[in-house]
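Asker: Sending over a structure as structure tokens; questions will come in a sec.
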Amino acid sequence: MATMAILQRTFSFILIFSIALHLKSLFAMETDSGAELKYLELIHEANEFTPDEEYDYIVVGGGTAGCPLAATLSENYSVLVLERGGDQHSHPNIIRQENVANNALPADDENSPSQAFTSEDGVPGLVRGRVLGGSSMINFGFYSRGDDYFFKNTGIEWDMDSVKTAYEWVEETLVHRPDNVSTWESSVRDALLEVGVLPDNGNTLDHLVGTKVSGSTFDSTGNRHGAVELLNKANPNNLRVIVHATVDRIIFSSSESSGPSVVRVVYHDSHGKSYQVGIRENGEVILSAGAFGSPQLLLVSGVGPSQNLTSLEIPVVHDQPFVGQYMIDNPRINLALMLPFSVVDSGTPVVGITGKGSYIETTSSSTPFTSPVSPLYFPYPYPPVNISMGYFFGKVSNPTSAGSLWLKSPSDVAITPSVRFNYFSKPEDVHQCADAVATYEKILKTKAMEMYKFKDHGGEKYFQIVGRQIPENTSDFESMATYCRKTVTTFYHYCGGCTVNKVVDSNLKVVGIGGLRVVDNSVFTSSPGTNPQATTMMLGRYMGVKIQQERAGSDGDN
């Protein structure tokens, strides 16, 4: 019994440790081509660059939406991008697929490409991108287009032909289709089909109910192609990208007739030196700082609930009660299996989209157990052990549970705001979680999964589940609610805080403020599809085209 207790503790540690290390490429290192690095000519360190006094557009945040947005706007207008992080060559490890898990590990130093924090719900390991290209440079590379529900319910007046064209603009540069999948992924795909997650949709980027293999922003050699490469499509004469430039606040002018309008932004470099830069007539400041950064910048600049701002001694520019509200994160429910034989590390291109709303994704890893705690369980000289693991990740789509964001600091934007998502506060979300777990239960009974069972001394076969066991009765609401709340983790698919028809209008202009727009996931009330990065990059391109069309019409009227 003591031995089993030790093994259980070991397995629990392995679950945490190996999830953090579970994507490693088998491919050799290959350098970026010159064409892919053309955008480097546009990048300047903030402490080495003196900006012009004014630009047509200032994009705050060179992330997943900001890069395609800036590249598009630069076709006809001058654009300045202000990015708080460095570029990928300050963090060369983020380029390779084998380093993905390490990049997602909690990072606390101010120079890391990701910034970690814990939600007020007590869920740890949430991260914000802090690198040019944003979260597209530190994620797992899964690429899939948005779903119909998303497009019908965002409040944005989409032109679906333009949406399709914008997706294709992104995909021709960044997206790769896996030629094949690993043994584990093939087994999971077969199991999903066996339990009725139908039809088999093959290899597609579209969001379709059933089982499919999707795209990836990692190529066949294991190199990442993030949103930063979309800057290669820019007009280099019109675009300047400043890294290690942290925007502190937005400055407004005000008149009784027109209300507040953006005048300029204030930012500082890595040495703490402050700069101010303005916008030209008919220009805009566009926030693309993400679901945490964009509402945070509005709040520190005096746009938000007046009572909260006053309590922090922030001068109120515009009373906007919905800034920081409707914060949503899709809950993730994990099932981890120790496998009886070595497997090839795999990404996440296989997904099952169930008819009940939940999505099932998967990955596998073979992790060397060389952690600092090994000597505690295996006296020296302890043998190296490769732990093979298979994972199921269940995603609750379109959760109805929502929370809010508020400032920890009234002036220091380097401090991530407090955020509470209220995971599983609504019964609809618990039912989706229960559906995902019930699907796991069915999957474990399929022929496709038989090969992953262990045998005990009596010849009985069993799965070695690592972590909390699935409840015996998945139809019991209370036991499932407890299970879901105790096992919840993040899918990193945050949205909200500047939602449409609350903070911004259908054209993503901040209501009541002139010259200010928000273009990123903070305007969404649900995360698009199985993974938001495709739609977030599409949004940047889509809005860049739309803004130019608006501007051309406006200039033509003058």
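Any Cβ shown, glycine's included, is placed from N, Cα and C.
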Asker: If you check Swiss-Prot, which of CYS433, CYS498 bonds to CYS484 via a disulphide?
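Answerer: It is CYS433, per the disulfide annotation in Swiss-Prot.
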Asker: Report, in whole Å, the straight Cα-to-Cα distance of HIS493 (active site, proton donor) from ASN531 (active site, proton acceptor).
Answerer: 7
Asker: When a 10 Å sphere is centred on the Cβ of GLN533 (FAD binding site), how many other Cβ atoms does it contain?
Answerer: 28
Asker: List nothing but the one residue from VAL131, CYS433, CYS484 whose Cβ has the fewest other Cβ atoms within 10 Å; the candidates are the recorded positions.
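Answerer: Counting other Cβ atoms within 10 Å of each of the recorded positions VAL131, CYS433, CYS484, the minimum falls on CYS484.
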Asker: Reduce the DSSP letter at ASN308 (N-linked glycosylation site) to three states and note it down.
Answerer: helix
Asker: Using C-alpha atoms only, work out the spacing between CYS433 (disulfide bond) and ASN76 (N-linked glycosylation site) and round it to an integer in Å.
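Answerer: It is 47 Å, counting Cα to Cα.
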Asker: Three-state secondary structure of ASN139 (FAD binding site) from DSSP?
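Answerer: In three-state terms, ASN139 (FAD binding site) counts as coil.
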Asker: Between GLY141 (FAD binding site) and CYS484 (disulfide bond), how many Å separate their Cα atoms?
Answerer: 26
